[in-house]
Amino acid sequence: MTEETVVDKKKKTFFHHDSKLYRDEHRAALLMIVLPVIGFTVFTLLPLIYSIFASFTNWNGLGEMTFTGWRNFQLMIKDNYFWQTLGNTFYLMLGIPIGLILSFLLASALSRGLKGTTFFRVIYYIPVISSLAAIAIMWQWAYNGDYGLVNQVLALVGIKGPNWLQNVHTVKPAIIAMSVWKGLGYSMLLYLAAIQSVPKSFYEAADLDGANAFQKFKNITWPMCRPVTFFLIITNVIGGSQIFTEINIMTPTGGPEYSSATIVWYIWQKAFKNFQMGYASAMSMILGILIFIITALQFYVNRKSDYKLS
Amino acid sequence: MKIWKKLGLVALSAMMVLGMAACGSKSSSADSKKHTITFMYRGGEDEKKAYGQAIKQFEKTHKDVKVKIIVTSADNYATKLQAAISGNKVPDVFYIEQNNLLAYVNNGVLKDISKEVKKSNVDLDNIWSYGVNSYRTNGKIVGKGPLYGLPKDVGPMSLGYNKTMFEKNNIPLPDKDKPYTWDQFIEVAKKLTKDTNGDGKIDQYATGFNVNWSLQAFVWSNGGDWTNKNKTKVTINTPQFAEALQYFADFQNKYHITPSAKEAQSLDTYQRWMKGELAFFPVGPWDLSTYNKLKFDYDLMPWPAGKTGKSATYVGSLGIGVSNKTKYSQDAVELAEYLSTNKKAQKTLVDAGVQIPNLKDMAQIWADDKSLKPANREEFLQIVNDYGRAMPAATTYNSEWYDVFMTDIQPVLDGKVTAKEYVKKEQPKMQTKLDAANQQLKATAQK
């Protein structure tokens, strides 16, 4: 027997399902997988099922549940605050396109290899790694009507700024501006990676064809970044639907006349303050379904977004 | 070694370590027969420290009990407690907020401690009846029925004035027994509102009342109220109520004796008061430890009186309740009794400046003590004993109906909507929510 045949034999047994090594590794792999699966089941799946059930009951979170069928959902239709907070939540999502455009522009600027790129990358990324609570408190001060940073800067150019967080008309734009600022660095970094990974040959080919800068942007850069845009929209919409921390810190009572109360904030109020855990569960069901539909729609619209070289 | 075996070994040894640890703790507790009860409470730094001290004293008199403390910030307390209850991990002893009493009792969270308290030699007559009655309920209304807790404290909200500022401006000090009329109050307030450094900007104001904590005094003393006595009907759309609310809003819009919402945001009125730039400010017993360190002299006075001619304000309270599921009910009740009624514990807490004594005789001695500040501490006792009331939503099933009122109120305070229009528009909204709360109460009470 030559050495080669020995190796061949070993190879065979290695891939053979009955081999001891295979079984051992298989077991080990299972063990590794089991942990997150248990975690998911205990902390996500079971509470989800429980919550689905609770949404059909009148339950105060303390005592017994009484089954009430669709009653919670009927109540919801008539609940003005439900619609208002849902509307507020979507209003706040206006920040998503703004944030994407800004971060794309920034990424384009930074990808030109100017001096100090690294410095700016770090600067823009700092808000991303900072604690959201700390940022919310800082912006709360910045928005202060009298001595806040924002109004002081406006005063320099002769504009008398409003009392941002206490005014029905300005509180939502104020929060949008904050979340755009906070999310900028993250989106920018992803765009930067996408832009830099576009093969140079594409641009060279376009140059040969006499394409101008706008055409190159429209036909090369932007399409090549589409998967990133898609990813960012999906994650931002999901995150935006669940916006809570900054609301609860900057406007702890839901803002003037509930103008900054979001749906998750309202759900939390109902569940933990007003003993309506059943109703709160029902609202979170609706929210979950809404997010699911929106995400599914986006996947449908973007089904051709995968770029293939061939 | 095979991976599988390696992993198995690691798991086995981990289990052994855990097992040994478990055995270890078991055997040591069996030796001394010590058992642990948990106590969950909340408070600011001073309060946490004072209660920690009182609990240590309790452990000294109860050698077999170890008290495990869970302490939260005031904001987080309600959420954390409810999570603990939902998760079936109710602490043995915990603070109860007044407006949660009905829900907790009707859902079997709180233990009826009437018998235990009766058996022990706690003299309930020597405790503020407002405090004790706040934790009695028959499941439908608060104030009657079995006892489900003892007062941790009672919190009369009095009105303080900056004595130094009055003296500087040669204004006679407020009478401690005869409240200002509303007109007198405005008159004095106008004199005290001024620009002290001549920069053209007013920097000394008379008032800086937060609507959440001060409107009650004006509404009640004018004969208005949020609901009828049975808490079934929202009664904000009465002329007395509207008048009081308008008067309150006019502080800012008509009389200009209070910083505007915008000015108040830049330096909130609490800070202004502490800097000595406000003449009047609400004072609760928990404020004393802070206010006594201020650079100016202050004292307490009755709230200005509206049409009824009588001062009014609210008394808050927190209770200490025992879990219905506790394994050590004897010790748990004793801990509640100790914190609420024991002389030594009360002295620790009062000395820390975080509350007034729960015991009437002790409170009188405290109020008469000439060495303490502010001089008119008697006002606190009068509020608790005589003219203080519970907050509007303290005894309803939830506070949603009342929160609506405060959520929408800013336009009135800004002078964009008159009080009359507001109460007319808000009443139906609040009524719907109150009806819903009462219905929920009914549903749980029937069980």
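One-based numbering along the chain as shown.
Every residue gets a Cβ built from N, Cα and C, even glycine.
Residues annotated as domain 'ABC transmembrane type-1' in TrEMBL: A:85-298.
The transmembrane segment annotation in TrEMBL covers A:29-53 (among others).
TrEMBL lists A:90-110 (among others) with the feature transmembrane segment.
Positions annotated as transmembrane segment by TrEMBL: A:122-142 (among others).
The transmembrane segment annotation in TrEMBL covers A:174-194 (among others).
Residues annotated as transmembrane segment in TrEMBL: A:279-301 (among others).
Counted over residue pairs 6 or more apart, the CB atoms of the transmembrane segment (A:279-301) and the transmembrane segment (A:90-110) come under 8 Å in fewer than three pairs, which marks the two as apart.
Taking every listed stretch (A:29-53, A:122-142, A:174-194) in turn, the largest tally of C-beta pairs under 8 A with the transmembrane segment (A:90-110) is reached by A:174-194.
With a threshold of 8 Å between CB atoms, the same-chain residues lying at least 6 positions outside the transmembrane segment (A:122-142) that come near it are 106, 148-150, 165, 174, 178, 181-186, 188-189, 245-246, 249-250. Within the chain carrying the transmembrane segment (A:29-53), a Cβ under 8 angstroms from the stretch's Cβ atoms is held by residues 65, 281, 284-285, all 6 or more beyond its ends.
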